[in-house]
Amino acid sequence: MTDFPDTTETFPEQETTQTEPTIITVGEGAGTGGQELGYDVVIGNGLLARLPQLIGHQAERVLVIHPRALRATGDVVREDLEKAGYQAMVAEIPDAEEGKHIQVAAFCWQVLGQNDFTRSDAVVSVGGGAVSDLAGFVASTWLRGVRVVHMPTTLLGMVDAAVGGKTGINTAEGKNLVGTFHQPAGVLADLDTLISLPRNELVAGLAEVVKCGFIADERILEIIESSPEQAQNPHSEQLRELIIRAIQVKVDVVSKDAYESGVREHINYGHTLGHAIELAERYQWRHGAAISVGMVFAAELARSLGRIDDDLVDRHRNILTSLGLPITYRDDRWNQLLEGIRRDKKNRGDTLRFVLLNGQGQPATVEIPDASILFAAYQEIGEPASPTISL
Ligand SMILES: NC(=O)c1ccc[n+]([C@@H]2O[C@H](COP(=O)([O-])OP(=O)(O)OC[C@H]3O[C@@H](n4cnc5c(N)ncnc54)[C@H](O)[C@@H]3O)[C@@H](O)[C@H]2O)c1
């Protein structure tokens, strides 16, 4: 497998250009979150002062949920909310997937209960997708739904998890099997938080950005092609533009299909094989790395069905490789992967369904009548298993 960037490295300090924030509105008008679409996603630098605006004045108490790794940021958010006149408290939860457990949700419900949170009070998530999924779930279930504002601090959180209202926790049987649809009352994507994000987390998030390029916005691909280095630099104008564009793609899709019954499936481009790889690797691969391979597989599948040409397949490989993302997977795991593919939520009965491209920016959900077609495409991405794989 292509080497994945080092796990601890972050970007060196640099001056970040301060510009006016960009605001993308999801749905129409100002909603209150919950079942209603109608909220702002604010993207920019130094956005903390805008948090009260998104929380609203009816809330008296605010619970800030953050993982241990973001204690300092969580404290700053809490202090700022206190200064703005809220009664603010924090719930520190275990990091990453460890936080997406029913026991952690129960701990948060306990904090809400002990502090007399009412229906007009609010929850704020500070962290990556794991935290927004858990905090969203807690907010959607407390008193049958209170407001939640997400402050995503990972690239994946900004361009994907915090927008769209899906919440989730894991069970012993699998990831995200329990969850709700609960729209946030607002999302604050403060680009300054990405400076401390390990480089491999940033690159993994870029896989979702590339996905948005292939399914909808070609300009995303052009920006990365013109400078893959700047695309990975949290201080760069290029990354800012990529984030804004990727969020816009997600918002466009979610606005058409809030409950994932139709076009929202397209946002799952690359995810069918990607999820199967994550399962086969027992979630030791980053999601972004797995869907990177999944996108190349989907491109090969589309080519074999005569839907796209060689150039578009090559474009997948070139862009993903330029970011250091993997594009191959071990060739001795097909049966295991096929089992994972059969569990995909897009399938209907025994019919396998994949999101494929009919051309650049033209996704469609396609029924695959015969698994042998998949196996043939897999031959194009398989490589001999090596004992020296590095992640
Ligand atoms: N609800 C949705 O629509 C949706 C969509 C995509 C993914 N998800 C979920 O999102 C989760 C993955 O999200 P993720 O990739 O953000 O992972 P994550 O939330 O686990 O965060 C990754 C790691 O980065 C650390 N971190 C976060 N922000 C940091 C920062 N600014 N500086 C330094 N470290 C930081 C975290 O503590 C964690 O260790 C999965 O659970 C997935 O199921 C949900």
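If you go along the chain as it appears here, the first residue is 1 and each next one adds 1.
Cβ from N, Cα, C; glycine included.
The region 'Disordered' annotation in TrEMBL covers 1-22.
Marked as compositional bias 'Low complexity' by TrEMBL: 7-22.
Mean pLDDT of the predicted structure over the domain '3-dehydroquinate synthase N-terminal' (92-202): 97. Look at TrEMBL and you will find 92-202 tagged as domain '3-dehydroquinate synthase N-terminal'.
Sequence annotations record features per position, and here TrEMBL assigns NAD(+) binding site to 95-100, 129-133, 153-154, Lys166, Lys175. Asp95 (NAD(+) binding site) has a Cβ environment of 16 other Cβ atoms inside 10 Å.
Among the features that TrEMBL reports, domain '3-dehydroquinate synthase C-terminal' is placed at 205-347. As a summary of secondary structure, the domain '3-dehydroquinate synthase C-terminal' (205-347) carries 100 helix, 2 strand, 41 coil according to DSSP.
Among the features that TrEMBL reports, Zn(2+) binding site is placed at Glu208, His271, His287. Around His287 (Zn(2+) binding site), the same-chain residues at least 6 positions away in sequence with a Cβ under 8 Å from its Cβ are Leu156, Ala204, Ala207, Gly274, Glu278.
Taking a Cβ cut-off of under 6 Å from any atom of ligand 1, the binding-site residues Gly99, Gly129, His271 reduce to Gly129. Scoring each of the binding-site residues (Glu97, Glu208) by how many neighbouring Cβ atoms lie within 10 Å, the top position goes to Glu208. Mapped onto DSSP helix, strand and coil, the domain '3-dehydroquinate synthase N-terminal' (92-202) counts 50 helix, 30 strand, 31 coil. Fewest other C-beta atoms within 10 Å: among the binding-site residues Lys175, His271, that description fits Lys175. When the Cα atoms are compared, Gly129 (NAD(+) binding site) and His271 (Zn(2+) binding site) turn out to be 16 Å apart. Distance from the CA of Glu208 (Zn(2+) binding site) to the CA of Glu97 (NAD(+) binding site) is 19 Å. Counting in whole angstrom, Asp95 (NAD(+) binding site) lies 24 from His271 (Zn(2+) binding site) by their C-alpha atoms.
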